[in-house]
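Trainee: Dropping the structure in here first, questions after.
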Amino acid sequence: MLGNMDFDSKNSFLATTLASIGDGVIATDISGNIIFFNAAAEQITGWSKNEIDHKKFHEIFELVNIVTKEILESPIDTVLKQESAIGLRENSALVTKQGEYKYISANVSPIKKNGETVSGTVTVFRDITRIRSIELELKEEQSNYMRVFNSAPVGVIVVDEKVIIKTVNKAAIDFLGSSEELSIGKKFGNAFLCEQSFKSKKGCGYSPQCATCSINIAIELALKFDLSTTNIECSNTFILNNQKNKLWFKASITPMSDGSRKNVVIVLMDITDRMNKELEVAKSRDFYLKIFENFPSIVWKNDTHGNTTYINRNWSEFTGEFQEASLDLGWLNFLHPEDREKCYERHKKSINKRQPYDIEYRMMHKSGEYKWIQSINRPFYDIDGKFDGYIGMGVDITDRKIAEEGLKRYEILSESVTDIIHFIDIKGNVIGANEAALRSYGYTHEEFLKLNIRNLRAEGHITDELLKKCYKEGMFYETIHYRKDNSTFPVEISSKGAVIGGQEVIVSIIRDITERKATENSLKAAKEDAEVANKTKSEFLANMSHEIRTPINGIVGMVDLTLLTQLNSEQKENLTVIKSCAKSLLKVINDILDFSKMEAGKLVIENINFDIKSLIEETIKFHLARASEKGIELNYIFSKDIPKFVFGDPGRLQQILNNLISNAIKFTEVGEVLIKIDKVKIENNEVELQFVVEDSGIGIAEENIERLFKSFSQIDSSITREFGGTGLGLAISKQLSEIMGGRLWVESKKEIGSKFYLTLKFGIGNTVETQSVDKIQLKKVDKTYKLLLAEDDKINQIVITRILKELGYFVDAANNGLEAVEMCEKNSYDAILMDIQMPLMDGIEASRKIREKNKITPIIAITAYALKGDRERFLAQGMNEYVSKPIETKQLVNTVEKAIHTSRNFSFMSNISDVSICIGENGEVSIGLRKNGYDDEGMPNLNELSKAIDSLDNAIYKREINMIEILAHRIKNLANELGIEELKTSAFKVELSARRGNYDDAINKVQNVRRIFNVLKNQLS
């Protein structure tokens, strides 16, 4: 169509066409002058056609780099030079007339005439600002997405239908230890070197373990069934840096459609650290649980409500209950009722404030006792830092509580007592003292705390070792201390170690004993004076006994000899009165001596078999004459069920009864005196008897009964003047009854009469045939024995010699001990009767001289000495027997016969080579004859004695005071039968101490019993 148009029409048509298109068109000549400028160009550039006349292209079409704001070279310059079309650079923008920037796209081309010569340029451009803005927004969004994708804390992997990785973010690469280049285009297991894929030759998905892989299963569900799987927690082992690493992750697999293709998004969260921490926590929990289970204290865990959720086994060991018993609030049941509410409220209060707290309370121990527990409780937070209750520990502080109580007592004592109390460390430095200490030593508190204990000590040296010993073992001693002014005073110190406030301390209680020392010195002087007085009394009693008994011996002896001659009745009566007076005098002496013996606790009680009824009858007969003289009746009642023979001390029984009957007759003027003997009970082969002496005499007022049994005491002096007496009889009788294990008491009414009661226990005796005592005394001996009598008193010498010769003995007499020794050297005697107090040489020295050469001949002490201990003293000097003056014919004959018989038996045994002395496996000792024809029946056997002493030791250990008395009594009897006088005496002392309830004194005396018996065993073995 243009071919039919002229040139102008063509130009007009082209101009109209160019003006109508939406793109801007600018044409220039070769010089850059604008020759064409369409409407679109006006709109885009903001310039009008009228304004562009004579304007150059670069003035209207200014280009800049939108990013750097750099002005760009005019594109037409480049086209004119290159003579070829060009486009604009990236980020090129047009600066409009209004100064706005517009993104444009342009094509700048040269205008050629005839296709060869360049005559100008044409620039076709369009405003792409809106499109560019959209592109930039899309690019920004994509950039933001990629930033989010790569900066996401979780790994994100996108795989296609073949499970080939299309995209992977940085977190996944870092987590799985690979790179983007090595991952994209590969399967998951191959890209990240899964251990199972690594082992399989075919790679990911072909290992047997791949079939159970949680990731593979989830991907398959997403691809086949379009199902999502979330929060899979699993682990897998990957090869990282040629090393196996087990990784834990939480995975979510989601299907995603990309047009017609299916993709799967795999989101992986690395939980390896968390899982490792959880595993470490589990290991740590197990580790600490083992520690808690073996912890020496009780450990528990409570929840936020105070319920126990855990407690270690030490709780069971402490309470003896199963651990389950303490769970929830069960632990409260084991607290002391007074402590439960306090502990529970404190626990609730602390839970609310989440504060640590300590508390002390008492908890039931398996022993059944409450023990003090210190409970230490601290808030507990779980692994996420959440408050989860309390963890606590209980420590047994019973010992500390006891120590604290002791310390409180120390503190109280320290301020309330008058004694000095101070505290020192183990180096001796003073660390505390009470006010009494400051007053006594004269220091201020500050001065005293600067001292060392060595500054106070006036005698002796204190070493560190001594202080350590004092702390460990405690000490009690006396010493001298300095005051501040250097004066000294005696002190008694009791020190003991203690821990106070965690410090080792020696606590000392110190007493100023100045006054006590003065008192002790006074007592010592008084004791010495008393000992001198007692010695003087003993010497006086001994001399009195000797001086009085010697003439009485002559009187009684001569009376006895005269009574054996032909006499008329008046002469016999006169002699009988003389003998009675002598015996009365002797009774006074014996009462004084008995009192002295009992006062010293040295009176010995016999235990022999005797006819008790005959003794009672004999005693009654003795008093019949006196009762008849006063015109009162004297009767007795003897119960039929009392054994005829008993074991006991007939002499002492008769002594008590004589005293009671004598007093009853003395104080009764009208009426009768009745003696009743009844059996109380029989048990353990013993019979308990009650003796009642009842009179119708003057009686005793109730207020005077207390004085009745006191020594040298009578109710009033008028009685002494009227009835006589020393006031010792009843006192001696009462003490004798107690020594014999009995009791003596009285019931009396004034002007009506009195009843004296005596209870005693006797062993049941053996039945024996008795003979008349008078006939035994007067019977001549079957064989003539030769005796030596050493006696300086001529009267006694004559009396004793005549008595012995009348009985058939041959008697030589020596006037002193020296003559006796000389006569023994020249003659042989069957027995020697030795007075003690003689001129030139006394009896003791003479006996010692005789024993040096003669071990067998019996020596009998004949003496007026009659105090306790005299007999033992004489026997210890080598004498065999003892007879006190005045001498009774019966006693003398019996003693001589016994001594000669024993001596001859001993002489017989000493010539027998088959005497057997044995100590058994259990320590029992026995003496007898071997079975070679001799009969050992009747030989003393010590088995019972050994067993009795062992039983006594056991009774001492068990503190059985009654059994001690019984066994000591048994030992005394056995020792008497065996003739072991020292053992007999010691056993009696034990018996007496036990009877009085004095356990400590009995222990001391038992030691002597054991010592004597051990000596005996050693001698026999």
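In case you wondered, yes, glycine gets a Cβ from its N, Cα and C as well.
Feature list, courtesy of TrEMBL:
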- 10-83: domain 'PAS' (DOMAIN)
- 88-140: domain 'PAC' (DOMAIN)
- 141-186: domain 'PAS' (DOMAIN)
- 284-354: domain 'PAS' (DOMAIN)
- 357-409: domain 'PAC' (DOMAIN)
- 406-449: domain 'PAS' (DOMAIN)
- 543-764: domain 'Histidine kinase' (DOMAIN)
- 786-900: domain 'Response regulatory' (DOMAIN)
- Asp835: 4-aspartylphosphate (MOD_RES)
Trainee: Can you name the residues of this chain that are 6 or more positions from Asp835 (4-aspartylphosphate) yet have a C-beta less than 8 Å from its C-beta?
Mentor: Ala790, Glu791, Asp792, Asp793, Asn796, Gly843, Ile862, Thr863
Trainee: By DSSP, what is the split of the domain 'PAC' (357-409) into helix, strand and coil residues?
Mentor: 12 helix, 30 strand, 11 coil
Trainee: Average the per-residue pLDDT over the domain 'PAC' (88-140) and send me the rounded value.
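Mentor: Across the domain 'PAC' (88-140), the average pLDDT comes out at 87.
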Trainee: Let's see if you can do this one: DSSP helix, strand and coil counts over the domain 'PAS' (10-83), in that order.
Mentor: 34 helix, 17 strand, 23 coil
